[in-house]
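First the structure, in the form of structure tokens, and then the observations on it.
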Amino acid sequence: MKNSSILLLLVVFFVISSSGEAKTCSDGWTCLGPKEEDKCKENCMAKHKGVGTCNLYTIPEFPAPITYYMCDCMFDC
């Protein structure tokens, strides 16, 4: 009985403590590189109240790699 009470208490504590955590979500759209970094940050803040960065991505495809810029917007759900 004592062990099951301790286990129940731990489960309840875990559920309560994990329910208050903010989850991180993301959104993304194309941007034109570092010159649009400020626009990426402004749009991310306006749409989601988050932090946006314009990042270069490369897909190593044959015969030539594909590169593109994406605005990665990270925000609390």
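Glycine is treated like the rest: Cβ placed from N, Cα and C.
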Recorded disulfide counterpart of CYS31 (Swiss-Prot; options CYS25, CYS44, CYS54): CYS54
From CYS40, CYS44, partner that Swiss-Prot gives for the disulfide involving CYS71: CYS40
Listed disulfide-bonded residues among CYS25, CYS71, CYS77 whose Cα sits within 10 Å of CYS54 (disulfide bond): CYS71
Sparsest Cβ surroundings (other CB atoms within 10 Å) among the disulfide-bonded residues CYS25, CYS31, CYS71, CYS73, CYS77: CYS77
CYS71 (disulfide bond) to CYS77 (disulfide bond) - Cα separation in whole Å: 18
Candidate disulfide-bonded residues CYS31, CYS40, CYS44, CYS73, pick with smallest Cα gap to CYS25 (disulfide bond): CYS73
Packing count at CYS44 (disulfide bond) (other Cβ atoms within 10 Å of its Cβ): 23
